[in-house]
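The active site, proton acceptor annotation in TrEMBL covers His292. According to TrEMBL, the feature Fe cation binding site maps to His335, Glu341, His371. Annotation comment: TrEMBL describes Tyr350, His371 as homogentisate binding site. Residues or ranges marked as domain 'Homogentisate 1,2-dioxygenase N-terminal' by TrEMBL: 5-279. Marked as domain 'Homogentisate 1,2-dioxygenase C-terminal' by TrEMBL: 281-434.
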Amino acid sequence: MAGLKYMSGFGNEFSSEDPRCPGALPEGQNSPQVCPYGLYAEQLSGSAFTCPRPANKRSWLYRILPSVKHKPFIAAPCGDLTENWNEVEPDPNQLRWLPFSIPTPTKKKVDFATGLHTICGAGDAKSRNGIGVHIFTCNASMVDMCFNNSDGDFLIVPQQGEILITTEFGKMLVEPNEICVIQQGMRFSVDVFGATRGYILEVYGAHFELPDLGPIGGNGLANPRDFQCPVAWYEDRHVAAGYTIINKYQGKLFACQQDFSPFNVVAWHGNYTPYKYNLTNFMVINCVAFDHADPSIFTVLTAKSTRPGVAIADFVIFPPRWGVADRTFRPPYYHRNCMSEFMGLIKGHYEAKEEGFQPGGASLHSIMTPHGPDVDCFEKNSRAELKPERVAEGTMAFMFESSFSMAVTKWGLQTCQTLDKNYYQCWEDLCSHFDPSWRPSKQ
């Protein structure tokens, strides 16, 4: 959208003020006795006060009215949003979903908040340890309404249709092949421009950060300079009919009313902000000699657990790249994993399963559930001439990988009606190539 501006960087100490109110940021202090323009000072803390400096997250917001001015919260319908991981019996099978259907606006108008559907997850928002995976399908913008997640961070992956996200920090336009992160406690509203669909990774108790690069060095993967956060923008708007704040709290939804827009922040500063990232900026690392590197080399963001090297969740992509490995079966290998792997497809064809895995669909390979290339992929790539080739051109698949053993919801297994019950058949024709008479060739 023309006119939107952003600031560059990841986790920076940013400051911004709406140009309509120059000097709105206080000089030299956070909470003056009287703020410029008669604003209220409000701190938004994303970490405990006593966290070490590298992990300390907070921002100061200078707003026309403070967020505490609202009527009491009351319980609101949750729809298909849930944290009940025991609705149905566990299912250890390989699971795949066809594209999730988007409601037709002539039949029912659905906005982002009412179009949230939990497909799987684990853990508990109350104990601040867990993960949720959601699908959003909507066809209408949120009007005089915003969403606030008190439970954790939302990593939003649009798949169809761009979304305009208005936050207390400013506005972001997020298109398919971009992602955005709305961190815990940040109020936001979503405008759409037609049929819209996407995926959400929610984490409780941790924030997303860039993965450590180790011997890769100081540059590579998702570079900090390519992340963008919004600039200050405000509206001083009275809403006589009532403005609704939807609050996700302890896995449930609550709503309250107020008579003004919450997007009344004239200026702000700090390092706790929403942000977005264009996946085409990812600097791909890949094998240039032989064998297949582990997909961790494609990690964009990670939410670390308390165990070193083990993530609550990683956001991993499979971007266009060169394949040049010699003497190698180049597609992903057959695998059983101590992690859960939820995959989605933004566009194109995933290399290990060119048929059946469609944009707007998904798959889940649970902990220790076998998975890997289908029979066509295996046979073709076992005989292919190994020459340099472009892989995943025009494609963007991604994975939410988690150390949690995720349970699938009733909506995911039954209500959505897109579960592909024939998924297992893509491996049924794999046959034995074992030849007991084979001997190594003499050099």
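Every residue, even glycine, has its Cβ placed from backbone N, Cα and C.
Bear in mind that TrEMBL entries carry predicted annotations, made automatically and left uncurated.
Structural mapping of features recorded in TrEMBL.
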residue	record	CB count, 10 Å
His292	active site, proton acceptor	15
His335	Fe cation binding site	15
Glu341	Fe cation binding site	21
Tyr350	homogentisate binding site	24
His371	Fe cation binding site	19
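Here the Cα atom of His371 (Fe cation binding site) is found 14 Å from that of Tyr350 (homogentisate binding site). Taking only the Cα positions, the spacing between His335 (Fe cation binding site) and His292 (active site, proton acceptor) is 12 angstrom. Residues His335, Glu341, His371 make up the record's Fe cation site, and a Cβ search at 8 Å around their centroid adds Pro332, Arg336, Asn337, His365, Thr369, Pro370, Gly372 from the same chain. Distance noted between the C-alpha atoms of Tyr350 (homogentisate binding site) and Glu341 (Fe cation binding site) is 15 Å. Mean pLDDT for the domain 'Homogentisate 1,2-dioxygenase C-terminal' (281-434) in the predicted structure: 94. The separation of Glu341 (Fe cation binding site) from His292 (active site, proton acceptor), Cα to Cα, is 18 Å.
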